[in-house]
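Taken straight from TrEMBL:
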type	residues	note
DOMAIN	4-84	domain 'NB-ARC'
DOMAIN	100-189	domain 'NB-ARC'
COILED	223-250	coiled coil
DOMAIN	276-334	domain 'Disease resistance protein winged helix'
Amino acid sequence: MRGWSTISQEFNSKRVLLEVLHCVGCIGSEDNEYEELGQKLYQNLIGRRYLIVMDDIWGTDAWDEMKRFFPNNNKGSRVLITTRVLLEILHCIGCIGSEESEYEELGNKLYRSLFKRRYLIVMDDIWSTDAWDEMKRFFPNNDDGSRVLITTRASKVALHLDGPNYFQMPFLEVDESWNLLRRCVFGEEQQGSPPPELEAIGKNIATNCRGLPLSIVVIGGLLAKSEQTRENWQRVLENLSSTVNLEEDERCFKILKLSYDQLPVHLKPCFLYMGMYREDDWINVSMLMRLWVDEGFVKPVAGKSLETIARVVYLNDLVLRNLIVVRERGCNGRIKSGLPDGSGPNPSRSDR
């Protein structure tokens, strides 16, 4: 039995328990107490062999608070934790480190802790070769099958790694790309084809996205919110055609710029404001709406508060354009948290 839970920076233990319970096919609700959810998870796992991935833990309290609910049932079960911080790796393997410690001190402590132990450590979403070069010396080669698993969207990072084996995720086929684009533009529920005069151009647009799902959904968001005319789609295709021979990172920037150029004037500062967040930051929407209002981005509408306008109009428009990813909704359907679009390096930074 396998399960995956993405945690990111804002750790909410109850929410994570609910996600893990859902992954293992067990029902829980927000109305349940935290301890009740934890015991339900424990009882569900006690007789089963499991692998659960807890992705992107940033705080040591996250694991400390939850580890008692994952039973050691002597069946080879594992909880695989991904993290990006030396201090957190040390804590996850049961070694004490302090934020006051020097980088070299932490690294040497990690090396000693891993030496003569069999380990699997996941480092998620590495963007530069320097990040790995700086840390690899702290992971000893014990000749016992230990591995450091690195995920990246940058081919230069994958090719730079020491190991001879790497797996490249396949790109979408042309038909898959078109089906994804069609759903983004016309909705999941539409069973038929788009207007004939748009279908041929749409397939060319999908092809020019080169099988990259994130590029397709960003372009799909752009097309969904713009005129459904042959002339408009042809303009998008011509802009995309100029990116075909670019490297992936540069192509992502070009696609983001195309989406940005098509934004209404009132949404442009809101989108650029997202540049203050890192790609995987979990954004509290209520706080973000107050910041947009305080910055003067939101224009008043009679009978509605500025925060309501920011949430209902501005935020929803960016979500429909696939420029913000909804991470969590409340029971009333309102967006509670989200992530920057993730289609490439942060658009406000050039040195990712």
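Just so it is clear, glycine is given a Cβ too, placed from its N, Cα and C backbone atoms.
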Inset, instruction - With DSSP as the yardstick, break the domain 'Disease resistance protein winged helix' (276-334) down into helix, strand and coil residue counts. - result: 26 helix, 8 strand, 25 coil
Inset, instruction - Average the per-residue pLDDT over the coiled coil (223-250) and send me the rounded value. - result: 81
